[in-house]
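Feature annotation from TrEMBL assigns pyruvate binding site to Thr53, Ile211. What TrEMBL lists as active site, proton donor/acceptor is Tyr140. As annotated by TrEMBL, active site, schiff-base intermediate with substrate applies to Lys168.
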Amino acid sequence: MTEASGPPSITGLFSAAVTPRTESGAVDNAAFDRVLDLLLSAGVDGVCLGGATAEYPHATRDERLDLIERTAARIGDRALLVGIGAAAPTDVVPLGRAAFNAGARAVLLSTPLFFRYAQEDIEAFCLDTAAALGGPVLLYDLPSFTTPFSTETVLRLLHGAPHIIGIKDSSGQQDRLAQLAHARGDKPWRLLVGDDGMLVEAMAQGWDGCISGTSGAFPELMVAVTRAAKARDEAVLGVLVPLLRELFAQQGVFPTPWAIRIGLEARGIPVGPLPLPASPGRQAQRAAFIEWVPGWLTRVEQALGLSLVGAR
């Protein structure tokens, strides 16, 4: 990206892809291809790798580099976004450079894992990383798992770092939607919500779209909701949003991103074992969710007028 050309177009619905694993723990490339094909066939605007849905702390640098190349080769002209957060800060810049070399439209920069840092620490980290990469960077606010960005820090970085072009906000802070939309004005910031439950409100506030974990297993409904929200089609939203809320209620009992992985299994795309042994309670929840999905998908199918994989 050059300052003359401005930030790239990043709008619409971007599906966060899971990382399928074999029983031995290796990345399951065949299953990964099936996941990508599901997302692409649903009409998503792009695919996002390396975020929370991908369980990025569980992946080696080499695994992540391979997935970047594999995805870039498969998705054609759809946008590729790549999360570059890492347990080892020394992995961040190499991942970002690989993403740009593969044609990524932007990278997502979360704060360093595990330890909690002051705002001045994460601001310095973001400035240094963005300068080293020299390409479009979206801040990735992921406060459930990393040091959160304050809104003040976000605004300083957006105003003061030429390569930091926007944010994926998974903070769940509703008041931030209006704050950032107002602060943007006519500046070319890219504002993407990462909390699926805030998608409709974010679009109403003028945000550009969503990087969605839910769409990693159920992209058809999320694409339709995004388009209806952009068009301000209240009649369609009145039909689709209740279906989405039903899904959120089912997903909410699981840790991130177990419901996405189990949802794919329910749709006939198994993506391997969960990262931890499942307790008897979790096994029962998993079985109940798998049993629930086909009937719910049938109602989604009827609402969308589409034939969906995994519906009854």
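Heads up, the Cβ atoms here are built off N, Cα and C, so glycines get one too.
Residue pair Lys168 (active site, schiff-base intermediate with substrate) / Thr53 (pyruvate binding site) shows a Cα separation of 14 Å. A Cα-Cα distance of 13 Å separates Tyr140 (active site, proton donor/acceptor) from Thr53 (pyruvate binding site). DSSP assigns Thr53 (pyruvate binding site) to coil in the three-state reduction, outside any helix or strand. Sequence-distant contacts of Thr53 (pyruvate binding site), defined as residues of its own chain at least six apart whose C-beta falls under 8 angstroms from its C-beta, comprise Ala16, Ala17, Val18, Gly213, Gly216, Thr256, Pro257, Ile260.
In sequence order, Phe14, Ala16, Cys48, Gly51, Leu81, Leu108, Lys168, Leu192, Val193, Gly194 make up the list of same-chain residues 6 or more apart from Ile211 (pyruvate binding site) whose Cβ falls under 8 Å from its Cβ. In the three-state DSSP assignment, the secondary structure recorded for the residue listed as 'active site, proton donor/acceptor' is strand. Here the active-site residues are Tyr140, Lys168; the one with the fewest Cβ atoms within 10 Å of its Cβ is Tyr140.
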